[in-house]
Structure formats: structure tokens, C-alpha cells
Amino acid sequence: MALSSISIFIHCLVDPLPRKQTSKTLPSNHIDFKSAFNVANWSINQTLVSPLSAQCIHLTDEDVRIKERRTRAFKHILRKEGEGSHEVLAMIDAIQRLGIDHHFQDEIDEILQRQYTIPSYYNDNDLHGLALRFRLLRQGGYNVSAGVFDKFKDKEGNFDQKLSDDIRGLMELYEASQLSIGAEDHILDEAGDYSHQLLSSWMTRLDDSQARIIKNTLDHPHHKNLARFRATNFNRYFHMANIEGWMNELQELAKIDFQMVQSQNQQEIFQVAGWWKDLGISKELKFVRNQPLKWYIWSMATLSDPSLSQQRIDLTKPISFIYIIDDIFDVQGSLDELTLFTEIVKRWDVEAVEQLPGYMRACFKALDSVTNEIGYKVYKQHGWNPVHSLRETWASLCKAFLVEARWFASGHLPAAEEYLQNGIVSSGVHVVLVHIFYLLGHGVTREGVDFIGNRPAIITSTATILRLWDDLGISKDENQDGHDGSYVECYVKEHKGSLVEIATKKVTVMISDAWKQLNQECLHPNPFSPNFTKSCLNLARMVPLMYSYDDNHRLPVLEYYTKSLLFESVSI
């Protein structure tokens with residue numbers, strides 16, 4: 001059973017395989033990027049930053065013209081195919097998987113709107129085509145009924161066994177099942193189980209390359225992964241599939257776009273490195289994690305649109321303070337000191353800061369400076385001063401950290417649900433997303449500010465995903481000396497006789513349910529901008545990469561993607 005060339009391309013984009021590097025002669029004064037940016041510990045060698053900035057990729061005006069010309073050409077192809085059905089959906093899927101949809105968003109929106117409003121499109125009896133249309137529409141925010149898949153069931157209400165040989169259709173059905181929005185989508189849960197079972201069976205009967213395609217689909221469904229991270233191997237697979245026509249056009253555009261975005265990201269890292277050096281926190285607070293590269297990766301993944309360069313730089317700053325304050329609570333502060341620190345942050349009492357020990361004083365002053373800086377930028381650009389709201393998010397975070405510190409100090413292990421509700425706040429997700437809300441500037445009105453301040457479900461579902469993923473990997477984290485506890489630990493203690501394996505399975509189900517809620521919140525209509533909802537999704541997508549530690553307390557997959565995206569070139 002062979003798979004098509006397009007399937008090889010689309011479904012192999014997720015496989016993080018090492019690429020053979022093209023050898024080139026480097027100047028004698030060349031400095032390797034990886035010598036300055038250490039992904040093993042996520043630190044930056046400040047002495048090499050200035051020399052490296054001169055070696056950053058600098059694209060010519062001709063490069064820009066080529067990209068613009070290719071973009072216009074493919075927009076023409078999209079408009080030409082827009083009246084069709086299957087082919088234009090395959091184009092949109094490829095564009096999104098390559099992470100270049102920001103160039104074609106207007107065209108994609110127009111096509112999806114047409115697909116949504118023409119009922120005849122749902123009469124498609126081709127499983128692959130219907131599942132692809134369903135997934136693209138759901139990803140685009142359209143609340144398409146999962147009942148469109150009822151036609152593929154038999155009289156007993158089970159999926160028809162005639163589908164068992166349709167590998168491409170089953171792969172797309174599995175992809176579509178990731179867009180479930182809850183109990184009303186029970187058919188998608190059935191579809192996910194059904195397609196997973198059959199595809200797993202097919203893996204034992206296909207050759208290695210085709211089995212890998214299926215495995216990649218099952219392990220890394222598109223909706224729950226970061227497109228740009230997974231697209232780093234597209235050169236290899238275009239060559240493997242010998243793809244021609246419009247896919248070739250996309251390949252060339254994607255390679256140029258990759259270089260441009262990589263150059264932009266490198267420049268952003270240099271600015272982050274300069275800010276971190278000038279801040280001086282790592283010298284004053286030697287016990288905190290010194291990982292500015294990792295903190296920037298959070299921003300780069302969450303705010304993926306190239307037009308949001310300054311927002312990525314600004315967002316890295318509060319992300320760094322989440323880690324810094326976490327380390328203060330987790331490994332350094334006494335309970336009395338932490339209580340005082342939390343009270344001062346709650347009041348935002350700049351004068352009372354002198355009561356704090358030196359390391360806390362340095363942290364609060366730096367936090368105050370960054371908060372005011374971001375507040376001024378938002379006010380200047382969007383006409384709203386968010387400082388009060390930003391301070392409230394920091395107070396909530398510190399309060400949640402303090403609750404955990406008191407639990408640990410007293411030896412008290414809370415009930416699992418109590419732990420989770422506090423952990424949703426201590427995850428820091430609310431802090432990150434509130435900053436994103438203001439930095440983007442969309443919907444910054446009194447109603448919008450009040451709504452975001454009350455931690456809507458789009459935030460709590462994202463935070464739940466992070467908190468529970470973090471708990472699953474807690475025994476393999478960065479070997480911090482403190483102790484945070486975990487949902488698994490609380491559940492096992494609360495339910496006498498429960499095994500860790502049972503609790504872990506429950507957590508996996510809870511993560512799946514949180515994803516369903518997040519999917520629901522991203523459907524139209526919702527009160528947030530597309531950039532904000534995409535940021536929530538991207539943050540959730542980034543979580544497995546950030547918390548999948550190996551036995552050496554490292555993040556090998558994240559390290560691989562960081563090198564691929566930031567430091568390795570793609571020849572054009």
C-alpha cells in the first residue's frame with residue numbers, strides 16, 4: 001500500500017532527523033553561533049555576542065524581491081484554485097505546515113469562508129477530503145459539526161470497516177480528531193481511537209519509510225504541534241518525494257522565508273542578550289537559572305508571526321521574571337521572607353522594598369522597572385495604561401507560589417483539585433498571556449481588560465495543560481533543589497491504594513480534556529483577536545517540548561529544534 005508524494009511531504013515534516021550539513025569555508029575570524037548560545041544549559045556567552053552580531057545572516061534587497069515575487073505568484077495560484085475543492089485545501093494544509101501562512105492569511109480566510117458556507121462541500125464521500133476540510137475549518141475557528149463523519153459509520157454505529165484500507169483517509173481522520181471540543185464531539189473521540197488502532201496495525205505491514213510517516217502522524221498531530229518547529233526538515237522530504245508543480249513553488253518560498261525569519265530571530269536574541277546583561281540579575285542572584293535563550297524560545301514559539309518582533313523581545317522579559325521569582329520561592333527564600341515579598345508585591349510598595357533582603361530587593365526593583373517599561377510602551381501605542389493589571393498578575397503569581405511554599409514548609413500535601421487550582425495560577429501562564437494581550441493591543445477596552453483579568457477559560461485551559469505536563473516531567477526537571485509537589489503525588493495520597501500509573505493516566509486524560517476546552521474557546525465567536533488565540537494555542541503546543549526531559553535532565557528535542565531554527569542554515 002503506497003502513500004502519495006504529497007502525503008510523504010505533509011506527514012514527514014514532523015520528523016526531527018539530523019540533516020547532512022553542507023561544508024563551507026569559513027573566515028578565520030568566524031565564531032560559531034553555538035559557542036555563544038549554549039543550548040545545553042540555555043545560557044549566553046556575553047563576550048561573543050557583539051562579534052557574532054556582525055556575522056548574523058543579512059539578506060539582500062534582491063532576496064526580499066524574490067520572496068515578494070514568489071508570494072505574489074502563489075497568491076495567484078491560490079486564487080485560481082480557490083473555486084476548486086480538494087486541491088486548494090491541500091495547498092492551505094501545506095502552507096500552514098510550512099509555517100508560512102502569515103503571507104496568505106487573507107486568501108486562506110476567504111477560501112475557508114467559502115468552504116464553510118457552501119453545503120455541497122459536506123457531501124464529500126472521500127474520507128481524506130472531508131476530514132481535511134473539517135480540520136482546516138475547525139483550525140480556522142469555524143464550528144463545523146462533527147456529525148459530518150456519521151456517513152462513515154455502519155448500521156451498528158461503528159466506523160465502517162471498508163475504511164480500513166484507506167491509509168491517507170485514516171491519517172487525516174486522526175488529525176481531525178485532535179480538534180474535538182468536548183462531550184458533544186464524542187464521534188471525534190471514537191474516530192481518534194478507531195484511526196489510531198488501524199494505523200498502528202498498518203505500521204507493522206509497511207516498509208520503514210512508510211511506517212515512519214504513520215508514526216509521525218500519530219506522535220505529532222499537526223494541530224498540537226508548532227508548524228515552524230516541525231518544518232525544519234522540508235528540504236529532505238521535498239527531495240525524497242520528488243515533488244513538482246505548486247509544491248515546488250512553496251518549497252522555494254518557504255526556504256527564503258525561513259532564512260528571513262531566522263535572521264530576524266537572531267537579531268532579537270542579540271537584543272535579549274544585551275538586555276539580560278544590562279539587567280545584571282544573574283550576577284546579583286547567582287542561585288537563579290541563567291537561561292535567557294530558553295526564555296526567548298518561549299516568546300519565539302508563542303508569538304510566531306514575523307511582524308511581532310518587538311513583542312517577542314518584550315515578552316521575554318516577564319517570562320524571565322517568572323523563572324527568577326520561581327527560584328526565589330523554590331530554592332532560596334525563607335517562609336518569612338517570602339511572605340513579606342508577596343505582601344510588598346501585592347501592594348506594589350516601592351518604599352517598603354528596603355525591608356526585603358538584598359536579593360529580593362534587586363528582583364523587585366528590576367521587576368518594577370520592566371513592568372513600567374512595558375506599561376509605557378502599551379500606553380504609547382494603544383492608549384491604555386496596563387500597569388495596574390500587570391501588577392495584579394504578579395501579585396497573583398506570588399500568592400500562588402507562597403501557598404505552595406507553605407504547603408512544603410508544613411509538610412502538608414493538599415487534595416489534588418486544590419493543588420491543581422493553585423497550580424493553574426503558579427504555572428505563570430496567566431502572567432504571560434495577560435502581557436501578550438496588552439502587547440498585541442487588540443481589544444484593549446474596559447470590557448476586554450476586565451475579561452482578561454478574570455482568567456477566562458482560554459487562559460485556564462492553557463495553564464492546565466502546562467501545569468499537568470510539568471507535573472508529569474517533574475522528576476526529570478533541571479534538578480532544582482526545591483520541591484513543588486505534583487498532581488500525581490497529591491492524587492496518590494488522596495486516593496489510598498492508587499498506583500502512580502493510574503494517576504499518570506488520569507493526568508493524561510485531563511490534559512486531553514483541557515485541549516478540548518482550549519479548542520472550544522478558539523472557535524468563533526470569541527472576544528479575542530486571531531493573534532491572541534493563536535498565542536494561546538502556540539503556548540500549549542510548546543509545553544511538551546519544554547517539559548520532555550531525558551534522564552540527563554536535558555531537553556534533547558527542544559535543543560535540536562533550537563539549533564535547527566536559529567543556528568543552522570538552509571541553502572537556497
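Using N, Cα and C of the backbone, Cβ positions are placed for all residues, glycine too.
Look at Swiss-Prot and you will find D326, D330 tagged as Mg(2+) 1 binding site. Of all the Cβ atoms in the protein chains shown, 19 others lie within 10 Å of the Cβ of D330 (Mg(2+) 1 binding site).
Annotation source Swiss-Prot lists Mg(2+) 2 binding site at D326, D330. The secondary structure of D330 (Mg(2+) 1 binding site), as reduced to three states from DSSP, is helical.
Taken from Swiss-Prot, the feature Mg(2+) 3 binding site applies to E478, supported by similarity to another entry.
Marked as motif 'DDXXD motif' by Swiss-Prot: 326-330.
Taking Cβ-Cβ distances under 8 Å and a sequence gap of 6 or more within the same chain, the neighbours of D326 (Mg(2+) 1 binding site) are F401, G428.
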